[in-house]
Ligand code: GLU
């Protein structure tokens, strides 16, 4: 069996880091099993779905390093769902219902007060042909519910019916079909809700493993019943925990919170996003992984916790910084060139500054400091000014070697009697305009004797 997975967002907004977690779980699972990854857009809600969102989701996936083997849209597959509906009707497990939302709400309340579970009471099954005729004559159109197999012979007497599966993430799972309502599969206007198209596609597309958020655990019980009603093999399921903000709120595509696009424009590296999205809320340490292959080596769905994982965007910056520190010049070269950082000095420059960057784009201001001098002219107290000027007068002659900083500061130490911070800080300030930054031993050769002297205050 070829492992086949799918990522199935509805294109109703930009994806966020929580959606990326689902996509990455599927992608890494496919990578590990040399399987296929299908990008499926669940766009049966035509009012809210937009092509531009689908396009942006594909863009975000590519940026993360996910390259689907195939892409499809549910809105283009309606005929297949219509056929499945006919089969379910023929089998007698899809029945028309005429209740309005208000009527359903009232019934739910009555059931609650009677101590009954607030599930649909299957009243529509007791409608006579005449009653149906009258409702239709009144202009009512039916919505269609799937009759869950949770009874022996009388649907009005549902009994505990446990559906079991061995979840890739959560282990043994059970959903009691008597605890859920018969799901509406088709709306009054003939459009489809999520449940049926998802199952039909999973069958048609040969999905072997459905990996998604744990907000779908109950759906899975219902969908397993639907797979069986359609005479199909049931795939394996895995439900990962969801990510929340630090204050415990869920992430939403619609509000754009922590969107991949936002993180990208904030200069966060795709592998920082991927490392956090995959490793947070698992028993693995969250560490920066440089490549998807490396991340795949640490990916273990069964090590994922069952409770929601709180996610702090600050952690992304920490991971980003770590990725910058270990990013080789060969890997950074092209991106640096786009930022205007190129030429002979680009490589030693990169090696000097990368340890000080939160984001790759932070290299630009260091490049300016190296080429043009401090971004703001440093101010010195008179005593410091005199010290710095005297120090500059002791700059070694050319040619400069790798030890020039050491040679120079040794001379300054001897002449001034200063050491430690009192010696280095004023020099750093004069050279860079800042109190911290890359090793001066690395920067000085980049400035050259002439460039250094130009910074004499
Ligand atoms: N469109 C569904 C969602 O975004 C897909 C769930 C699934 O993977 O089956 O929640």
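Just so it is clear, glycine is given a Cβ too, placed from its N, Cα and C backbone atoms.
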Write down the single range among 245-249, 250-254, 255-259, 260-264 that appears in TrEMBL as motif ''KMSKS' region'.
250-254
Which is it, of 9-19, 20-30, that TrEMBL names as motif ''HIGH' region'?
9-19
For the domain 'Aminoacyl-tRNA synthetase class I anticodon-binding' (355-455), jot down how many residues DSSP puts in helix, in strand and in coil.
67 helix, 0 strand, 34 coil
Enter the number of other CB atoms within 10 angstroms of the CB of residue 253 (ATP binding site).
20
